[in-house]
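TrEMBL has this to say about the protein:
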BINDING   25, 26, 27, 28, 29, 30, 31, 32  ATP binding site
Ligand SMILES: Nc1ncnc2c1ncn2[C@@H]1O[C@H](COP(=O)(O)OP(=O)(O)OP(=O)(O)O)[C@@H](O)[C@H]1O
Ligand SMILES: CC(=O)N[C@H]1[C@@H]2OC[C@@H](O2)[C@@H](O)[C@@H]1O[C@H](C)C(=O)O
């Protein structure tokens with residue numbers, strides 16, 4: 001047997017594994033690095049988040065990614081160069097965190113790397129019937145593995161597409177494994193650049209688990225702040241939005257898009273929710289001269305309304321539920337108020353109350369996918385029709 005396969009076999013047989021989950025989301029704020037101790041697999045998985053850190057990206061990273069991010073007219077050489085560059089950089093960032101935590105790379109079993117999404121193109125977005133759903137994450141796993149010396153699993157989304165999904169949301173798998181409760185219907189709402197949620201019925205019935213993207217979380221607000229309030233990159237504590245008032249006509253124009261009429265589940269990205277989307281809505285509603293603060297107040301409400309609308313439209317199948325928030329949006333007090341005030345019947349919590357830092361949740365979920373890939377494979381998830389095929393995700397890269 002090849003020694004690498006032997007090592008993988010040994011990791012698989014361990015009673016607990018140290019797995020680093022990495023998430024670099026659509027906000028381009030930084031690389032989330034979550035060191036997890038995971039035992040068991042499937043619904044018996046137990047996760048302890050031992051350490052968490054967001055390694056902030058510098059302006060060079062941001063501008064290199066922005067040059068190609070969710071854009072159709074890119075320099076292909078730049079894409080080619082960034083693929084290994086990001087892989088190696090993420091590897092460096094992992095090493096940096098491990099040094100800070102006084103943990104040796106050889107003591108870590110696996111790295112689970114999401115990579116950097118540079119384009120997300122479900123068929124509903126690209127509109128070419130003869131072509132499949134597609135998504136592209138770069139930051140190649142081989143480079144991470146060689147840099148860190150740790151076996152790396154990466155590129156999780158392709159298998160999901162190959163099995164009939166849109167490549168997202170993948171959060172549903174880990175959400176089901178660690179947050180499903182026999183005593184409470186739960187909705188896990190993540191508000192990163194894009195907002196999505198997973199419904200976990202107290203029946204624990206995998207067929208009834210449901211997950212979907214709902215629209216913009218922070219991405220439109222972030223883009224607007226970066227354009228008009230640089231060097232700020234987001235509306236810290238909603239200070240800008242709080243200084244403005246919601247403009248109802250602009251709000252209606254923002255909501256007037258075929259994406260929101262589409263059924264669930266669905267996925268989206270900044271390919272749709274970008275400044276051109278806002279410009280169209282401002283033109284339609286004759287609100288181009290609105291103050292920046294009023295635009296921000298309206299965008300904040302837009303995110304909240306579409307989250308609430310999606311939850312309410314799915315409410316028939318949800319019944320009574322508790323909502324657990326995660327992602328950077330939980331730190332935006334106005335966004336949270338705008339959601340809470342429209343869901344008076346729902347108890348709103350943070351995933352902190354379930355033992356997982358809300359900023360770390362997505363990175364932890366990728367560590368769980370890696371755990372399933374190496375040591376699981378028995379859990380049955382929902383059905384492929386709902387975008388939750390039972391498949392093993394992740395590609396293995398050895399360190400040498
Ligand atoms: N104190 C704060 N006040 C307001 N907003 C905040 C605050 N802290 C974080 N955010 C928001 O959270 C965003 C980062 O969220 P997160 O890291 O969850 O996104 P992501 O993982 O990149 O996105 P996605 O999940 O869509 O891929 C920031 O860009 C900002 O908009
Ligand atoms: C293609 C892609 O990277 N999508 C992300 C993005 O960020 C949030 C939302 O859009 C979600 O669909 C997904 O990430 C999470 C981790 C997911 O797959 O569940």
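Glycine too: its Cβ is placed from the backbone N, Cα and C atoms.
Remember, TrEMBL labels are computer predictions, not curated facts.
It should be emphasised that the depicted structure is a prediction, and the values quoted were computed from it without experimental measurement.
In the vicinity of ligand 1, defined as a Cβ distance under 6 Å, the following of the binding-site residues 25, 30, 31 are placed: 25. Counting other C-beta atoms within 10 Å of each candidate's C-beta, the binding-site residues 29, 32 are led by 32. Checking the binding-site residues 26, 27, 28, 29, 31 for a CB within less than 6 Å of any atom of ligand 2 leaves 26, listed in sequence order. The sparsest Cβ neighbourhood within 10 Å, among the listed binding-site residues (25, 30), is found at 30. Taking the mean position of the Cβ atoms of 25, 26, 27, 28, 29, 30, 31, 32 as the ATP site, the remaining residues of that chain whose Cβ falls within 8 Å of it are 23, 24, 54, 57, 192, 193. Annotation for residue 31 (ATP binding site): same-chain Cβ neighbours under 8 Å, separated by at least 6 residues, are 22, 23, 24, 54, 55, 57, 90, 93. Counting Cβ atoms from all protein chains shown, residue 28 (ATP binding site) has 20 others lying within 10 Å of its own Cβ.
Residues near residue 26 (ATP binding site) in space but far in sequence (CB under 8 A, at least 6 apart, same chain), listed by position: 117, 192, 193, 194, 219, 269, 270. All protein chains included, residue 27 (ATP binding site) registers 20 other Cβ atoms within 10 Å of its own Cβ.
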